[in-house]
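As given in Swiss-Prot:
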type     : residues : note
TRANSMEM : 3-23     : transmembrane segment
TRANSMEM : 25-45    : transmembrane segment
TRANSMEM : 59-79    : transmembrane segment
TRANSMEM : 93-115   : transmembrane segment
TRANSMEM : 150-170  : transmembrane segment
TRANSMEM : 178-198  : transmembrane segment
TRANSMEM : 200-220  : transmembrane segment
TRANSMEM : 240-260  : transmembrane segment
TRANSMEM : 274-294  : transmembrane segment
TRANSMEM : 326-346  : transmembrane segment
Amino acid sequence: MNPLALSLILTTLLAGTLITMMSSHWLTAWMGLEMNMLTMIPILMKTTNPRSTEAATKYFMTQATASMMLMMALTINLMYSGQWSIMKMTNPVASNVALMALMTKLGSAPFHFWVPEVTQGVELTSGMILLTWQKLAPLSLLYQMATYTNTNLIYLSGLLSILIGGWGGLNQTQLRKILAYSSISHMGWMLIILPFNPTLTLLNLAIYILLTLSIFMILANTLTTSMSSLTLMWNKTPAMTIMLMTTLLSLGGLPPLSGFTPKWLMIHELTKNNSIIMPLTMAIMTLLNMYFYMRLIYYSSLTILPSTNNMKMTWQFTSTKHTMMLPTLITLSNMLLPLTPMISMLE
């Protein structure tokens with residue numbers, strides 16, 4: 001892609017997200033979401049092939065439908081209340097339709113079907129932006145709507161997302177699809193805690209983005225996209241394999257890694273509000289995610305193919321893009337748990 005065009009696209013993407021996050025008026029927030037959607041399409045089609053074209057088309061159709069639903073909800077609310085303020089959506093029908101539209105943009109269940117297909121059809125860097133940056137704008141609107149949304153709808157979507165995110169990833173062999181289902185599952189945790197403590201939703205989002213960025217950067221550096229290529233990682237880059245293994249365990253929420261921090265705090269918050277069955281159900285369903293993370297670790301580090309000296313030397317001739325961000329991201333991905341008491345004091 002032309003560097004000038006790429007810089008313009010990324011600047012517009014950044015501007016669209018910031019406009020939505022800083023807006024308290026529905027119309028400007030909607031404009032920011034549309035800027036986000038339109039600039040994401042050329043990013044998805046960075047490499048022109050039938051799969052990326054199909055993925056971009058699916059993304060556009062889904063996001064355009066969600067945008068129409070959101071505009072319909074805003075129109076209904078304007079007719080009944082005469083307000084454009086995000087904090088004053090008093091009509092229950094408008095509130096529910098807007099909630100479903102934002103859930104569709106986030107890719108939470110039962111509006112999740114586009115996420116694995118779109119992620120699988122694009123490059124690793126495009127998939128990384130789709131599963132991290134594109135969550136910020138819709139979730140910032142849900143954060144502002146947390147006081148008056150239909151909590152039953154949020155709980156239902158959250159539990160379904162955790163279940164489908166774990167169940168859907170069990171039989172996958174493509175790493176991008178596995179990370180897409182992981183995104184759906186983490187979105188379920190964020191939605192469920194939103195009515196209780198929106199600050200914990202932001203904490204979970206920050207750590208999820210940190211972990212997902214780390215994994216995508218490792219996969220992009222090692223040119224790994226499937227389980228079959230994952231089995232060659234130990235022969236090529238043992239250090240990267242160890243980093244991938246610990247980051248996957250952290251993404252699964254295994255103590256004493258960073259990914260355990262938000263789950264620990266969210267379960268504590270739910271039990272503090274006399275909700276016992278829900279966190280227990282969430283923790284049990286998350287074991288499905290842990291299973292396919294462990295399967296990835298098994299393929300990458302415990303299954304070593306027979307190799308020759310020539311194969312062991314291939315990493316020296318592989319053109320990989322080294323980044324200074326990766327060591328910092330890996331360190332944060334695995335060592336934030338000791339900061340949990342300080343984080344809990346800031347709530």
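Cβ atoms are placed via backbone N, Cα and C, with glycine included.
For the transmembrane segment (59-79), the most Cβ-contacting stretch among 25-45, 178-198, 200-220, 240-260 is 25-45 (pairs under 8 Å). Away from its own ends, the transmembrane segment (150-170) comes close to residues 92, 95-96, 99-100, 103, 108-110, 112, 116, 177-178, 181-192, 194-195, 278, 281-282, 285-289, 291-292 of its chain (Cβ-Cβ under 8 Å, at least six residues beyond either end). Taking Cβ pairs closer than 8 Å, the transmembrane segment (240-260) reaches residues 182, 207-208, 210-212, 214-215, 218-219, 221-222, 233-234, 286, 289-290, 293-294, 296-297, 300-301, 326, 330, 332-337 in its own chain, all 6 or more past its ends. Residues 103, 106-109, 112, 115-116, 118-120, 127, 131, 135, 139, 142-143, 146, 149, 151, 154-155, 157-166, 168-169, 172, 204-205, 208, 212, 215-216, 251, 262-263, 266, 269-270, 273, 278, 282, 286, 289, 292, 296, 347 of the same chain lie 6+ residues outside the transmembrane segment (178-198) yet bring a C-beta within less than 8 angstroms of a C-beta in it. For the transmembrane segment (274-294), the residues of the chain that approach it from at least six positions outside its boundaries are 155, 159, 162-163, 165-167, 169-170, 172, 178, 182, 185, 188-189, 192, 248-249, 251-254, 263, 266-267, judged by C-beta separation under 8 angstroms.
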